[in-house]
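Asker: Please read through the structure below; I'll follow up with questions.
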Amino acid sequence: MAVNLSKNGPALTAAYKEVVDEKSNTNWALFTYEGNSNDIRLAEKGDGGLEELVEELNSGKVMYAFCRVQDPNSGLPKYVLINWTGEGVKDARKGICANHVSSIANFLKGAHVTVNARADEDVEPDAIMEKVAKASGANYSFHKETASRFQDSGPQGPVGSVYQKTNAMSEIRKTNKDNFWAQAEKEEEKRRQEERRKANEERQHLERERKDREAKEAALREKRDKERASQIDQQKKYQQKLEAESKDQEKQRWEAEQENQAAQRKAGRRGESVEKVNEAASLISQRAVNPREMFKQREQGVTPADLGVSSAAPASPQPEPDVGDGQSRCEYEEQEAPPQETWKEEAPAANLYVEETAHEEPAVVEETNSYETTVDESSDKGICARALYDYEAADDTEISFDPDDLITGIEMIDDGWWRGFGPNGHFGMFPANYVELI
């Protein structure tokens, strides 16, 4: 940026005119900047000459001094411009202020000597006065001239000549002198070539070092990149392992939940099975006639009609026994056994069974023989049903089965008891409410 001389222009101009005016006692003025700006202001002025001016210079600022001195040769007034840049000024500031020197010189016109100073040694008054004396151009004073220059100084000597006699030895020495300088030039050229060669070798050596250093740095970077990639791979593997373990734990948790739910459903089905068993036992206990004894009588050829017994409705139901989850079906059957024995004792007394007609006897024989018929011998399965609950045969006239077993060749001989082929191929009776038709 350009220097600003207009902000404090009147004060600057007044100080300059006082220094230039020979009638004024002020013989020096010092200018500097306002802070870090480019505005010039008047720092100080005085009448003590160079000695007083030098004392006001600050080593931490850029300053401009204009001083009036007396020429030691002619005694005439001379003007000195000092561009002071202190040693404590920052380099950036020095570069900016260096562009202002010409503008300051144009403002402080008439300077005979310009001094660019950085240290106290550059502004010694004696050194400045010596420069002023050399710049005066004439080492005399017209006030001291005398008439002696016009006086006769006596006879003058002969006029000299520039002619010289040719001297062979002198010519030889001159030739040797030329050879000497030629040799000196050759040696100087040789020295320069040697310096260039050494500089080239040094440059190549530095280039090789640089390449080696770059290669080592590249290898080191590659090694670091590989290590980082390895760490990333290990981290990924560890993360995958954690995810796999988490999935396994989640799967085990899900399987455990499924097992718990299955156990709960099984317990529910078991409870339903127990309720069905209780219901079947209640129905059986309500019957006045034991179907097993009825089938035995039918096999012997006696029908209930012959005995004069009508198929009346079953007696009123008895209170249903409370069978808990922990009570097995065998225990329940043991509890139901006494009523069956009582029924067996009452059946002959009531004369419930009579002989069947002649045309029905072959069928009875056929049914008797069918107890030993297996599933493999029957070509037609007939009516089929799927077991809902498990049932254990009380004797050889009944069949045993588990839930979901298939029972084929069903004969619906009674509302509560049917006959059919069990899973093992044995033919016998089973409770009808333990299965469902398919």
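First residue shown is number 1, and so on along the chain.
Placement of Cβ uses the backbone N, Cα and C atoms for every residue, glycine included.
TrEMBL entries are annotated by machine, without manual review.
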Asker: Suppose you had to name the range TrEMBL annotates as region 'Disordered'; which of 137-156, 357-376 would you pick?
Answerer: 357-376
Asker: When secondary structure is assigned with DSSP, how many helix, strand and coil residues does the compositional bias 'Basic and acidic residues' (191-256) contain?
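Answerer: Secondary-structure composition of the compositional bias 'Basic and acidic residues' (191-256): 66 helix, 0 strand, 0 coil.
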Asker: How many of the residues that make up the domain 'ADF-H' (2-133) does DSSP mark as helix, as strand and as coil?
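Answerer: Result for the domain 'ADF-H' (2-133), in helix, strand, coil order: 47 helix, 38 strand, 47 coil.
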